[in-house]
Each structure stands twice: as structure tokens, then as C-alpha cells.
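For reference, the structure is listed below as C-alpha cells.
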């Protein structure tokens, strides 16, 4: 989608699902808005526009809507259409640094103030509740005064919020509802009920805010991998200290042991071990030396490195990982959207039942009006499904976080949600199940030319090809040849035949290099060796002159990957490849793959994947693991595209749904297991929450439990759901 049509905002002070729904409803009615998603868990809003509209107008009108709903919610745009370099001139690096410093100071004071207020409110809440309990043991003439003080002390925050809502004529607000119920309950003489309802309601709010803030802190804490200042070399070879955001492409950065690499680059001096666990999820040290590429977010462990920056910090791997993680966290999954609508409908339904209890049941069933008023008020207290509203978004965010901790980048909550339905996993062999690093294993010459000459002809033939096999032949030629140089002026013409090979006009002759299909197309007689490997046949002027055997090694983790997929519930594992049938069948047998399709061109692979989509069972999913190129050939995409070695991918343009940051295919099964855990917890939470809620409503309707007791059980249920949904598990060992 065009970035000009997408706005991302932070809503400071947003802590209520009801406010989120109100904002969504009203902003969506703006004529230029296509869709809007407001997430109260992350305090973010994503607004998609129908057409380009001035930033100021969009911001002003959305701010007005939010201000009318709640003046305490502040809107801030956190994603701009224009790059930072266009907003601030390049020579204003000091100003940029000062702005970031002041922003950090403001954020620090805001957080400190919030922590202080939270502590004050908790102490006030405990004192108010304790004072109310003391009132039970005091003589009746004095206890009413104690109860009034307790009520005011306990409900101060809700009273202030309710008063603000009344001023803005916002009567249908949860704070207003709870405070009115508490006042009526207090008037009815149920003093402790009213006090405990206020206390428990604020406890539920605290549980929600604590859970949300814990997640926010973990997500925002990811950015702490960046060191504030670092050393770079100036033009004279001296060393300067600068802020990480001032790094430019081609700057030489000095990284000491224990420091993080701030941006992507190439090692130009030094050797060291680096820890890639932040990016790949694997605590493995990798040795790097001169001319090796390194990614931001990795940590230098031993020697001093000098790195030439190849990307700006904001365009680096770590920055794009953080950006992708935040975007996936901000959106709502289809389950969350359902829970939001369900909660609204549920609350309205229970509210209607409460009114019926109060208005009609005294005359129909019998009993005093006071009794049914109390029961109706208890229904109203229970009308919000707290455990669903709080724990369902939390478990989805936990799933995204667990994937990230395992080196898996999920680009959408909906992808995480449907992963558990996966029944078919298809691999494009090279680089997924095998190393993808081809090498020349054997050269067989037939006729009048030597093996070295055969390799040279093959290198010239493959010079303009981008295929990994072609590159392996050229690399082998440069290693073996005495000249190590290819004179491309000798290549008069080049033609690539998709799925078959290449044909060049070289000097005064035609050279053909490719698989047996190429030989068959030009009616060239050739020998077919009985060996395992990728065979590249060569012919000169349609005369067969020999062949080269190319090998690719199966990854050590591939057998475990296939086994783990089967244990995760995947019914069929498929491998597609352009390699010959013999080597493909061999790999299929070694890895216990169900279906193998070999000797396919890119177009044939795309057609096969499309056919898999049509034959798959309803309500089941297909994962296709490839290098990302095939996704462009499949127009009607109904599968979950997955790419390995995402650390080397350009995350800004990558169109895969899932990125495995390492080259380990067994991570796919980990992602499926996390998805099953998320969906299992969501299902258990829904069943448990709805079941206990119905039971509590039935007990309250029969007058068998007090208001504070039913709300206490609700709070306990919410705490249990949140706690069970945030427990960390080792999914790679399951």
C-alpha cells in the first residue's frame, strides 16, 4: 500500500477498550478514511486513507474527535511520509541529537510521573478498603461516617473520571456506570459492597494496565540494543564520538568488544566473534573477518572491528525488524475484532437483562423492589467480560513476542492465527532444505577437449546467468584457471532458456550448457551418467563434449525440520526443485518427504503451488518456503509465504508473510507450535470466561451471591487468564 495513504499514531493515555471502539467508530466516518484500527493494548492507531489528504487536516480532525471522547488522550503521529533527512537539514545533526535528548527526558518524566501516581493510587485504594473494613467493627452511629470517608477515598479516581465524562455529556462510560452503581448500592445500605466494587474495579483496571505496560516495555526495550554514542573515523584517520543516528553510508565505525553493531556494514579491518541471538534467536557465536557482511543488532564479543556502513541506521536490519514487530503488534487479529464486537453486544445484552430484572421481576416473580434492584445492579457490574478484553490481546502479543524470541518474524497477527491450521508445507529445495551453496564436484570431458577447457567453456556460457549453479561454475573456474579472468567481449550473444539452460555465441561457435531438456531441444546426443548430483551438459555446435556434476549439501537441521513438522500436525511435506529427478528423489528419501516434484522451471513451480491451493482441504492452510522470488510469479496467492535467512533479506521490500531470520528450516515447526499454543489459549480463555460469567450471572440472578463476591471471582478469573497466557515456554523443545 502507498505509504501516503497510511498513518500511524500514538494515543497517549488510551487505556480503555470502550474508548478504542468509540474512536474507531467516529474516525471511520470521516469521508477520506478507508479503515481504522485502534489498539488500546499498544496505544496505537492505524488509519488507512482512501486518497491523499493533507497531514495537517487528518491530524486536526482526528485530534478533535479524540478530544471530544476523552481530553486526557493525546494524539501524536509517529510515522511520517517524508524521511527525517528532508525534515531536518543534514548539517543539523546536533539539533537532531538535542531533539532526541529532550524527547527522551520528556518520556522519562512522563513514565516517572505515571509510576508515582500508580503507587499513590494503590496506597489510597488499600487505605480506603482497610478503612471500610474497620467500619464493620465500629458502632453503628460512627460507621456511616467511616464508610463515607472510605467510599470517597477508594473512588476518588473514578469520581474524577466520571465528572469529566459528565461535563462532556458522555454518560455511557464504564467509569460512570461503576460509580453510579456504587452510589446506588451505598444508598441501599450495602456499604461494603459499594466500597469493594470500587476497589475490585480499579484492581481489574490495574491488572489490565500492568499487563499492557509490561508488554509495551518489552517491545520498546528492544530498541535498547542501540548504543547512544559510538566511535567513527574521520577523513584524517582520527576518531570522533557521535550519536548512532548521525551515521551515514560509507562511514567507518569502530566497534569494541561488548558493543552492538549499530547498522549493516562490511568488516574492513579486524576479526571477531559476534553474537547474532537478537536477530536469529540462536545463541551462536559467528566468526567474522575482513570483507564479511555484518548486520545491525548483533553484538561484538571479542576483537575490535572496523566496519564500513552500507545502510543508514534507520534502514538497517535491526530497525526494520523493530518496525515490523511494532506494526504486527499494532494491528488487531480477526479474533480480537470478534472479541471487541462480542464484548459490546454482550454488555448491551446483560444491561437489557438487568433492566428487565429491575423493572419486571418484582411483580412477576415476587420479592421486594430493593432485592431486584440489587440483583440488577450486580448484573450491570458483571456486564464487561474483563478476562476476554484483557487476556485475548495479551496472548496474541505474547505469540508475536515468542516468535521473535525464537528468531521468527511474523508480519501479521492474522498469519499467526491461521498458522495452526497448516496441513501442507511445500519447500523450494535450494537454500531451504539444502545449503544452496553449489560446488563443482566432478568434470567429465568427452572427445577432444581437456577438463580445464570444458570448465572454461561452461564458465563463459554461464557468465550472464544469475542462477546459483551458474555462479558455482564461475567460482570454480576462477579457483582452478591460471588466468582467473573471463573476457566477456568474447561472448557475442547470450540466450537463457528458462528451466533448461543457456546458449551463447562464443568466438566462432555456439556453446550449449544446461540440463537434458536443453540437449533434447536441440537434438544433441549425450551420455547420461548414473551419478547423484545436478548434471550440466555441454555441447559445441551441437556436438556433445562432456558434463559437469554440481553438488548441494543437505542442511544438518533439515531431517529435524521435517520430523518436527510432522509432530506439529502437518500432514503433507512437498519439495519442488529444478534439479534432476535422481538427486531430487534421493533428497526426498533421505528427508522422508511425502511428495517430490523435480526438473521444474520457475513458471512450472508457480503453477504447481497454485494447484496445491485448489486441492487443499477447506479451512486448512499451506506454507510455501522459498527465497521470495517465486511469490512474484504467483498472482492468486492463498498460501503463507515463508523465507529463510531473513537477516540477509531487504526487509523494506520483502513480501513474505514470515521471515525465519536464520537459515534453520526447523523454525517453521516452532512457529506452528506457537500458533497452536496461542489459539489453544484463546479457546480455553473464551470457554472458561464465558462459562464462569454465565454461572456468576445465574448465581447473581438467584440472589445467592453478593455483588462484591461475584466481581472478586471475575477479578480472580482475569488474573488467572492473564497469568497463564503470559507464561514463557520453550517451544523449540516441544
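Every residue gets a Cβ built from N, Cα and C, even glycine.
Now, the feature entries from TrEMBL:
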TRANSMEM  122-138  transmembrane segment
TRANSMEM  144-164  transmembrane segment
TRANSMEM  176-201  transmembrane segment
DOMAIN    241-325  domain 'P-type ATPase A'
TRANSMEM  346-365  transmembrane segment
TRANSMEM  372-395  transmembrane segment
TRANSMEM  694-723  transmembrane segment
Residue distribution over DSSP helix, strand and coil in the domain 'P-type ATPase A' (241-325) = 19 helix, 30 strand, 36 coil
List, by number or range, the same-chain residues at least 6 past the transmembrane segment (346-365) whose CB is under 8 A from its CB atoms?
-> 371-373, 375-377, 379-380, 382-385, 697, 701
Averaged over the domain 'P-type ATPase A' (241-325), what pLDDT does the prediction give?
-> 88
Determine which residues of the chain contact the transmembrane segment (694-723) at the Cβ level, with the cut-off under 8 Å and only residues 6 or more beyond its ends counted.
-> 185, 190, 192-193, 196-197, 200-201, 203-204, 207, 211, 350, 357, 371, 374-375, 377-379, 381-382, 386-387, 390-391, 394, 685, 688
